[in-house]
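Quick notes on the structure that follows.
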Amino acid sequence: MTKDAESTMTVGTYLAQRLVEIGIKNHFVVPGDYNLRLLDFLEYYPGLSEIGCCNELNCAFAAEGYARSNGIACAVVTYSVGALTAFDGIGGAYAENLPVILVSGSPNTNDLSSGHLLHHTLGTHDFEYQMEIAKKLTCAAVAIKRAEDAPVMIDHAIRQAILQHKPVYIEIPTNMANQPCPVPGPISAVISPEISDKESLEKATDIAAELISKKEKPILLAGPKLRAAGAESAFVKLAEALNCAAFIMPAAKGFYSEEHKNYAGVYWGEVSSSETTKAVYESSDLVIGAGVLFNDYSTVGWRAAPNPNILLNSDYTSVSIPGYVFSRVYMAEFLELLAKKVSKKPATLEAYNKARPQTVVPKAAEPKAALNRVEVMRQIQGLVDSNTTLYAETGDSWFNGLQMKLPAGAKFEVEMQWGHIGWSVPSAMGYAVAAPERRTIVMVGDGSFQLTGQEISQMIRHKLPVLIFLLNNRGYTIEIQIHDGPYNRIQNWDFAAFCESLNGETGKAKGLHAKTGEELTSAIKVALQNKEGPTLIECAIDTDDCTQELVDWGKAVASANARPPTADN
């Protein structure tokens with residue numbers, strides 16, 4: 001081997017090596033002529049396997065599901081017709097704080113200034129529109145125009161994804177993947193974490209501890225950014241140090257153990273997990289947030305918006321305390337050091353324990369009675385153990401899922417900031433690819449499923465035993481509760497038959513119908529025996545059968561949506 005050969009590799013191989021080095025074993029793809037050469041380099045790189053997807057939206061959602069389990073993911077699509085579709089799912093990854101590396105092929109560099117019109121474009125000579133969009137939806141976007149620039153640009157994008165917990169975009173022209181570039185340096189330069197500024201960390205924890213010492217009823221609140229910050233264990237340490245009541249936001253379910261002695265429920269305003277949870281939270285004199293995020297959904301149409309004068313919050317890289325903001329203070333380090341500086345503040349935990357809500361176990365329905373939502377959830381609850389990951393689709397599945405009891409080790413996945421119906425099925429596929437040893441269960445409605453259900457095809461292809469409970473109530477239930485109209489009624493499908501229709505000649509998917517509790521029990525037994533592919537159980541329930549929480553929440557959100565314009569807006 002010559003000296004030059006030892007110091008160079010191709011751009012495609014460079015990207016493949018970096019993906020493997022950061023822990024990616026599978027990349028999700030939809031092929032197109034602008035990315036085919038790149039896909040060859042990725043496919044044949046040791047330790048990296050391709051997962052084909054049915055379309056680019058599903059590809060992006062599958063990658064974000066993989067990132068939920070693996071910590072980071074990669075999706076590869078073609079230019080314009082592929083990437084513009086994928087951007088929807090990448091927007092979700094941005095909103096949900098998930099590092100997904102979106103790689104798009106692009107036209108041959110010789111055509112960019114040639115005056116040629118190219119396919120898969122707008123039919124103009126503007127080839128920058130995709131990059132302009134990508135910059136709005138990612139924390140870093142790079143286009144490799146020269147092979148010698150590839151290492152720095154690829155490393156920069158990957159590092160930003162890791163540091164900012166957001167998606168990034170890498171554009172590689174079709175004639176660039178096979179071009180030589182320098183070999184990579186140590187991966188530590190890309191993945192090494194940043195640490196807090198020591199002086200800022202000390203000052204922030206001192207002021208926070210002093211503020212807490214002056215309060216009688218502080219509480220802790222875990223938010224949706226807690227997991228991405230890697231601060232779950234630090235949150236537990238602070239809960240134990242303060243010995244106060246510790247709550248979670250709905251999008252943080254599963255990030256803090258429901259079996260922990262300080263756990264006090266899901267706070268969600270008037271649709272909180274219990275009246276006791278709501279009362280204790282709202283009587284507190286200081287909310288200590290860890291990665292909290294307040295929007296119109298999480299505040300029930302702004303009715304549960306926090307009082308900023310009593311909110312202390314730690315974000316990824318900053319801490320805000322009434323009257324102060326500290327930059328370069330990382331969440332996990334802040335919570336851990338703060339735990340060493342505070343004393344016990346048990347008033348809120350004592351108040352919660354005095355009126356602790358009793359666990360109500362629903363009675364089994366009559367075996368031959370018409371199936372209803374409560375019976376479906378009762379039987380799903382019986383499947384949830386420490387090895388379960390439960391997906392709750394946007395809609396009433398949110399509220400059904402939040403009522404589930406999670407034992408230690410169980411995980412829960414929602415998409416509450418982006419709120420894209422249809423997200424759960426492709427995301428669960430990606431999750432199951434990353435964590436095949438776990439039991440992945442999906443709760444999804446009929447309307448949501450119709451957007452992305454064909455991704456069951458990849459569950460069949462890769463023999464992923466995902467268990468899908470499809471609640472068929474013949475419409476967009478969440479939209480009905482927010483604002484009803486004929487547009488919320490959909491064409492009914494035979495969803496169980498649809499699932500099996502994707503088997504082809506060799507697939508092992510099972511599609512089953514359940515119209516009674518007895519039939520659901522039998523269907524679950526069949527599902528648990530099917531280890532070679534997914535099982536979809538179509539649960540027929542009444543159109544109006546939904547949680548009261550969805551009804552109440554829907555009215556509040558509808559009211560917020562209907563506010564008339566004001567003079568200042």
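Cβ coordinates are placed from backbone N, Cα and C, and glycine is handled just like the others.
Quantities reported herein were computed from a predicted structural model and do not represent experimental measurements.
Comparing Ser298, Ser320, Ser501, Ser522 with the features listed in Swiss-Prot, the residue bearing the annotation phosphoserine is Ser522.
Together with Asn473, Gly475, the Mg(2+) site in Swiss-Prot holds one more listed residue from Asp446, Asp552, which is Asp446. Site annotation (Swiss-Prot): substrate is bound by His120, Glu479, and the candidate from Asp33, Asp40, Asp197, Asp206 recorded at this site is Asp33. Residues Ser49, Ser233, Ser327 are shown; Swiss-Prot lists phosphoserine for one of them, Ser233.
In Swiss-Prot, the feature phosphothreonine is attached to one residue out of Thr10, Thr299, Thr521, Thr535, namely Thr521. Around the Cβ of Asp33 (substrate binding site), 13 further Cβ atoms fall within 10 Å across all displayed protein chains. Spread of the substrate binding residues is 39 Å (greatest Cα-Cα distance among Asp33, His120, Glu479). Cβ neighbours of Ser233 (phosphoserine) (same chain, under 8 Å, six or more residues apart in sequence): Ala332.
Annotation: Asn473 carries the greatest number of neighbouring Cβ atoms among the recorded positions Asn473, Ser522 [cut-off 10 Å, Cβ to Cβ].
Of all the binding-site residues given, namely Asp446, Glu479, the one with the smallest number of surrounding CB atoms inside 10 A is Glu479. In three-state terms derived from DSSP, Asp33 (substrate binding site) belongs to neither a helical nor a strand segment and is classed as coil. According to DSSP, Glu479 (substrate binding site) is assigned to a helical segment.
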